[in-house]
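K.L.:
Relevant sequence annotations retrieved from Swiss-Prot are reproduced here:
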BINDING   91, 94, 123, 142  isopentenyl diphosphate binding site
BINDING   130, 136  Mg(2+) 2 binding site
BINDING   130, 136  Mg(2+) 1 binding site
BINDING   141, 229, 230, 267, 284, 294  dimethylallyl diphosphate binding site
TRANSIT   1-40  transit peptide
């Protein structure tokens, strides 16, 4: 045969082989497509209502947080400051993720509630520190004056440190008849790792202010910041929940990878909202990263490319959920969609 005929023959053969493979694995393909590529609006296909799930989990977490930080003397002022940030209106994404991960691997909500509260305490602590004048210098958080504006910098710092201590205490002081001590130890190790990540990410964030980066080094710098800063607590939330629920090492690592993806995605979306929404819409000061000269995803790649990157991270996050029970994984699939589509 002539070269052209040989080429056509090879192309047709490859096409037929791919067609055979597609039809052979079509049932699995359909499972993956139905589980991982639906938008949030089609979550009803799971017979699963994500917003109701999220609200119910938030109510359970809020009740536990309220009980964990009672007002008492002599540290009344510190506890008022702790409660001010900890109990302020929030979506409770991190504790919800912790509880969902626990349930995904076969555990019960009650088993992971202490860990869920602990992760929210760490989150509240990080918000107080982030807003300080020596850090991000912000005066608005969740639609209210930031902690140091209300209580002063010294009380805010003490409240932040007290929340970290309380997070550890919350995880270790509770006794679980059905949870081996080594699981408790592992959750504490994950918490410590998350705090280390927050510190490293914040330091890199501050160091990068006003610096110029090309596209490659800029993306590398951003990924380092937000894997350690934004993604750290989401990663810890998922892993701690999976550990408490008795997940296997493989399940834990897959959930870690999933959470890292949605953590980065959360930050990409946050950066986009910072330049496209008002302070009233966000409940915090809009455009402050631009004013501070911080490196952000829109600054590095533009708003539209940033949105595309968030969508790619959403797909990647979903891929890490393959193999889990289709019904139990619905909250995490929907959470990824919720994060990529959020407006504040």
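Backbone N, Cα and C atoms are what each Cβ position is placed from, and that goes for glycine too.
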K.L.:
Going by C-alpha positions, which of the binding-site residues (130, 141, 229) is nearest residue 91 (isopentenyl diphosphate binding site)?
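P.N.:
The smallest Cα gap between residue 91 (isopentenyl diphosphate binding site) and any of the binding-site residues is with 141.
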K.L.:
Among the binding-site residues 91, 94, 141, 294, which residue has the largest number of other Cβ atoms within 10 Å of its own Cβ?
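P.N.:
Max Cβ neighbours within 10 Å, all protein chains included: 94.
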K.L.:
Including all protein chains shown, what's the count of other C-beta atoms within 10 A of the C-beta of residue 230 (dimethylallyl diphosphate binding site)?
P.N.:
23
K.L.:
Among 130, 136, all listed as binding-site residues, which has the most CB atoms within 10 Å of its CB?
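P.N.:
Ranked by Cβ atoms within 10 Å, first place goes to 136.
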K.L.:
Quick one: Cα separation, residue 267 (dimethylallyl diphosphate binding site) versus residue 94 (isopentenyl diphosphate binding site), in Å?
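P.N.:
Answer for this pair: 14 Å between alpha carbons.
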K.L.:
Taking residue 294 (dimethylallyl diphosphate binding site) as the reference, which of 94, 123, 130, 142 (the binding-site residues) have a CA within 10 A of its CA?
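P.N.:
Correct set: empty; none qualify.
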K.L.:
Between residue 141 (dimethylallyl diphosphate binding site) and residue 94 (isopentenyl diphosphate binding site), what C-alpha distance do you get in Å?
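P.N.:
About 17 Å separates the two Cα atoms.
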K.L.:
At the Cα level, what's the spacing in Å between residue 123 (isopentenyl diphosphate binding site) and residue 136 (Mg(2+) 2 binding site), rounded?
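P.N.:
With distance taken Cα to Cα, residue 136 (Mg(2+) 2 binding site) is 16 Å from residue 123 (isopentenyl diphosphate binding site).
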K.L.:
Could you measure between residue 230 (dimethylallyl diphosphate binding site) and residue 130 (Mg(2+) 2 binding site) for me? Cα positions, answer in whole angstrom.
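P.N.:
Cα of residue 230 (dimethylallyl diphosphate binding site) to Cα of residue 130 (Mg(2+) 2 binding site) measures 12 Å after rounding.
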K.L.:
Which of the binding-site residues 130, 136, 229 has its Cα closest in space to the Cα of residue 94 (isopentenyl diphosphate binding site)?
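P.N.:
Result for residue 94 (isopentenyl diphosphate binding site): the nearest of the binding-site residues is 229.
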K.L.:
Taking the Cα atoms as reference points, how far is residue 130 (Mg(2+) 2 binding site) from residue 229 (dimethylallyl diphosphate binding site) in Å?
P.N.:
11
K.L.:
Out of these binding-site residues, 123, 142, 229, which one has the fewest other C-beta atoms within 10 Å of its own C-beta?
P.N.:
142
K.L.:
When DSSP states are folded down to helix, strand and coil, where does residue 142 (isopentenyl diphosphate binding site) land?
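P.N.:
Going by the DSSP assignment, residue 142 (isopentenyl diphosphate binding site) belongs to neither helix nor strand, so it counts as coil.
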K.L.:
Using all protein chains in view, find how many other C-beta atoms are within 10 Å of the C-beta of residue 267 (dimethylallyl diphosphate binding site).
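P.N.:
Excluding its own Cβ, the number within 10 Å is 23.
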K.L.:
Expressed to the nearest Å, what is the distance separating residue 229 (dimethylallyl diphosphate binding site) and residue 136 (Mg(2+) 2 binding site) at their Cα atoms?
P.N.:
14
